[in-house]
Structure formats: C-alpha cells, structure tokens
Amino acid sequence: MVSCGMSLSYLGPIFSPYMKATFPNISIPQIGLLFTIASGIYALLAPVMGYISDKGLEGSLAVIGSFITAAGFLLLGPNPWLAKFIPISIPETVIALILFGVGAGGIMIPIFPLLYRMARSCGLPDNLQTFGLVSGLFTSGFSLGAFLGPTLAGYLVNQYEFAWSSSVCGFLNIFTGVLLLVYILIMKAQHRWPLRVPEEIVNTEEDNI
C-alpha cells in the first residue's frame, strides 16, 4: 500500500510543470484533462477489477497491476533507456496515463480483501475488530505513501530530470510486484496458496470425511 500511495500521489507536484516545459503550446485545461485520464480509467475498471478479485485472484491481480503501473511510469518520461525508441509526444503520454490508471486499479482494488484474507488465515476472527485492524493498516500504508510520493518526486526532479524521477517510481512498482510474486510462489510451493480462512479448512476436512 505504501508503494501504491506513492504512485498515486507522485505526479501531483511535478506533472503539470513537466507538461508545460515539454509542450509549451499545451493549455492548463488540457493538462487538467490529462490528469483525469488515469483516475477516469481507474473508475471505469474498478467494477471489473472487483469482479476479478472476488474470483480469488487478488494476488495475481495485484502483481499484474504493479507491473502495469511500472510500465506506465517508465513510458511517461519516457525512461532514458526507452527514449531512444519512443519519442516524447502527447499520445505517448496518454498511453502512459492509461496504463497507470489500469495498473492502479489492479493494485488498489484487491489489496484490502487480500489483507483481510491474510489476517483471517492467521487465525484472526471474522469480526469488526479484525476489519478495523486491517482497515487501519491499509489506510496507514496508503497515507504514508501519499506523504512520501510528492516529497520524493520534488526532490528527485530537482536533483535529476523528470524521466529519471518517474522511472524511480516505476522501478519501485517492479520491486513491489516481484516481492509479491515471490511471496505467492513460496506459498504455492508450501501448498498454502490460495489463502484459506478457518471455515474453509473445516469445510474441506468435513468433505474429505
């Protein structure tokens, strides 16, 4: 959630100055319209992401979302390594923001139910106390990321250029996605994934009897 909060707040202080410097003829309303692309895509896809998440694919969705978000950040600059092949343009920026919106939905939507399922699989009861604990962790992680995002963005843009600063956030999402993927693979190797809550374990044992 920290990396997700960082990703969603990262562009706030730096995107508008970057667009104005890169495309001098672009207007403020047009920049505002670009700002709405990612959030609009997120809003449109939220029901779809929720449906996929309810199918027990929370972990896979979060991993894929992390990688898609990373692709959006790397394309947004674009990353200096990619700039040799991908010219900076408005359409390229729009595609990057679309990817960012899709990826953000893939991270945000399944994380809370995944955290709650993790808590339940550890033996915590299905009640408001557990829900409140998970909600607190979720909100705290997101808020920390929302604080670190603009701070880190402002510092990196001052020290380096926009392309490298956005790439840092892209690499962070890659790291998060790989970390979650490794966790899922380890749990699968131990036959502990998908996570099962106590009631499901009892029902499985009764079915076997």
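Each residue, glycine too, has its Cβ placed from N, Cα and C.
Those TrEMBL annotations? Automatic predictions, nothing curated.
Sequence annotations record features per position, and here TrEMBL assigns domain 'Major facilitator superfamily (MFS) profile' to 1-209.
If one looks beyond the transmembrane segment (26-49) by at least 6 residues along the same chain, the residues whose Cβ comes under 8 Å of a Cβ in the stretch are 15-16, 19-20, 61, 72, 90, 93-94, 97-98, 100-102, 104-106, 108-110. Residues annotated as transmembrane segment in TrEMBL: 26-49 (among others).
Counting residues 6+ beyond its ends, the transmembrane segment (61-82) has Cβ neighbours under 8 Å at 3, 7, 10-11, 38, 49, 52-53, 88, 92-93, 95-111, 114, 162-164, 166-167, 169-174, 176-177, 180-181, 184 in the same chain. Residues or ranges marked as transmembrane segment by TrEMBL: 61-82 (among others).
The transmembrane segment annotation in TrEMBL covers 94-116 (among others).
For 128-150 (among others), the entry in TrEMBL reads transmembrane segment.
The transmembrane segment annotation in TrEMBL covers 162-186 (among others).
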#### Entry: pLDDT averaged over every residue in the domain 'Major facilitator superfamily (MFS) profile' (1-209)
85
